[in-house]
Amino acid sequence: MRELLEKIAAEGEVVADGVLKVDRFLNHQVDPHLMKRIGEEFAAQFHRERPTKVLTLESSGISPALMAAYELGVPLVVARKRRPLTMTSEVYCAEVYSFTKKETNEIIVSRPLLDSSDRVLIIDDFLANGQAALGMVEVVRQAGADVVGIGIVIEKAFQDGGRLLRSQGFRVVSLARIASLSDGVIRFHEEVMS
């Protein structure tokens, strides 16, 4: 997605080898026009799979996932990292390791929000080692539902997550693929989605 690539090139910042800071438009301050375009692109890519729900992990995946759900006309389910007092029902849960925070979290989804009839599209802001996506896949499987695709805003193609998910048969659509983040330079993968 050319608009996203241009935004990353202009406003993204390499803060360490393998770490890309995009807090000016994606995960701290959010560019609503860009999120709308991202939602439209994910909807265009996945509408044939007829998802009934979009699933993301709090908190940085919420903006692009909400716009995708809006464009698809389906509910958004947000997997939580902590169980709030208001979550009184039984839950689906899985452990997820965060590459950025270097910690393991348990993610949870209230059971009434997913069931075996659901066709779930997973959306997330980043794909690095694939652990967040695999945790969400596990939650969907616990519900007996189907994962119909995985949409990623920014994939770190130099890490194993994309290969891991694709090797398991998942259709993964990444709107921007980063080839490397070394020496303070953002290098994009040659494949560019319009």
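The count begins at 1 with the first shown residue.
For all residues, glycine too, the Cβ spot is worked out from N, Cα and C.
Annotated xanthine binding site per Swiss-Prot: LEU20, ASN27, LYS156, in sequence order. Look at LYS156 (xanthine binding site): DSSP puts it in a strand.
Sequence annotations record features per position, and here Swiss-Prot assigns 5-phospho-alpha-D-ribose 1-diphosphate binding site to ALA128, ASN129, GLY130, GLN131, ALA132. Within 10 Å of the C-beta of ALA128 (5-phospho-alpha-D-ribose 1-diphosphate binding site) there are 24 other C-beta atoms, taking all protein chains into account.
Of all the binding-site residues given, namely LEU20, ASN27, LYS156, those whose Cα is no farther than the 10 Å limit from the Cα of ALA128 (5-phospho-alpha-D-ribose 1-diphosphate binding site) are LYS156. Cα-Cα distances to LYS156 (xanthine binding site) place ASN129 within 10 Å, out of the binding-site residues ASN129, GLN131, ALA132. Its own atom aside, the Cβ of LEU20 (xanthine binding site) has 20 Cβ atoms within 10 angstroms in the protein chains shown. A Cα-Cα distance of 19 Å separates GLN131 (5-phospho-alpha-D-ribose 1-diphosphate binding site) from ASN27 (xanthine binding site). DSSP classifies ALA128 (5-phospho-alpha-D-ribose 1-diphosphate binding site) as coil under the three-state reduction.
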